[in-house]
Amino acid sequence: MDNSTKVFGHELLGRDYVVPLDLFVGGATVTVCSLQLFFGSLNIWLIWKVNIFHNAFGTILVIRTVIDLFSSTQHITYSAYVTLSQRSDYSPILGVVDGYLTYALEPMSCALHVLLAANRYTCVYLPLKYNKIFSRKNFFTLLPPALVIIPSTMLLGLHLIPCNMLGYSASYYGYIMLDCPNPGQERPFHFARFIHISCGTLFCSLAILLDSLTIRKLYIMKKNKTYKNQAHFRVQCRFTMQSFTQNIPMFLEILFLSLSDDSRDTPAAARIAPFLLIRFTNFINSTTIFVFNPEARSFLRKRFRVGHTQISSSGADSNLRLHGVY
């Protein structure tokens, strides 16, 4: 396509020929997103089958995993495809829709990660109030509106503030701001960058703070041996470390996002790194359940060992029948 015609949104289209970097970015996107789809689906199946995850913690994991599954599907079917093909014979509106979907799904995933950290904090610091705070009624009354309000606020800002429309660019490997529709018009406020630095940093910092306070409390409990049930205490430690580990890729993701200004002038590495890190973060989120929970690994081993033989959750591991506040 001849970009000299200055069709609005032309910067989101491909260049009509493929270079090695296209294959790397597109291939990496397909690979990481495919792995996330596999482990994310396995994640949901495990939470459904293993009793130890039948609680608020497991519910939060399922909702966040479903959001990440939608995100991975989106990037395989659109972002990776247009990057690998570098086609230019489609409407740039598709790139804008892709960008808006990402800016809707990612804040929801980050908000759920903070909620996961708050869940661990409440379990350790306020165990007697845990069931009341994370009751089914509160959960399904307050969570859906929050998951709608957070992305809606961000998307309205992108739409209503002049010159803040963005989308995925096949040739620039990431989300970039579109040129202002009127010649000579300047962007009054870079809303997307504001989101990256303020909201992203706030979510990440809050999750790290809550998890750090929870780990500190667990350390004191272990040191003073103030826990009542060792098995329950170990579960609390594993769940908390599972939540904390997910902060690491999220922090790197926010760091790289803050260095990028979503423009074509940004170095390619500064656009590629946050784009792939977000995909990698979603993948890590889908695997931590296997890394930190022997109940999950034991269930999988026994399930595949017996093939299609039906086994009960009590047979998967003695810890699967643990009762308590998680």
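A Cβ is built for glycine as well, from the same backbone N, Cα and C atoms used for every other residue.
Here TrEMBL flags 23-48 (among others) as transmembrane segment.
Sequence annotations record features per position, and here TrEMBL assigns domain '7TM GPCR serpentine receptor class x (Srx)' to 37-293. Mean pLDDT for the domain '7TM GPCR serpentine receptor class x (Srx)' (37-293) in the predicted structure: 87.
Long-range contacts of the transmembrane segment (139-161) within its own chain (CB-CB distance under 8 A, at least 6 residues past either end) are made by residues 56, 59, 63, 100, 103-105, 107-108, 111-112, 115, 188-189, 191-192, 195, 199. Positions annotated as transmembrane segment by TrEMBL: 139-161 (among others).
Here TrEMBL flags 194-215 (among others) as transmembrane segment.
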Cβ under 8 Å to the transmembrane segment (23-48), counting only same-chain residues 6 or more beyond its ends: which ones? 54, 58, 61-62, 65-66, 68-69, 72-73, 75-76, 79-81, 83-84, 173, 272, 275-276, 279-280, 282-283, 286-287, 289-290, 296, 299-300
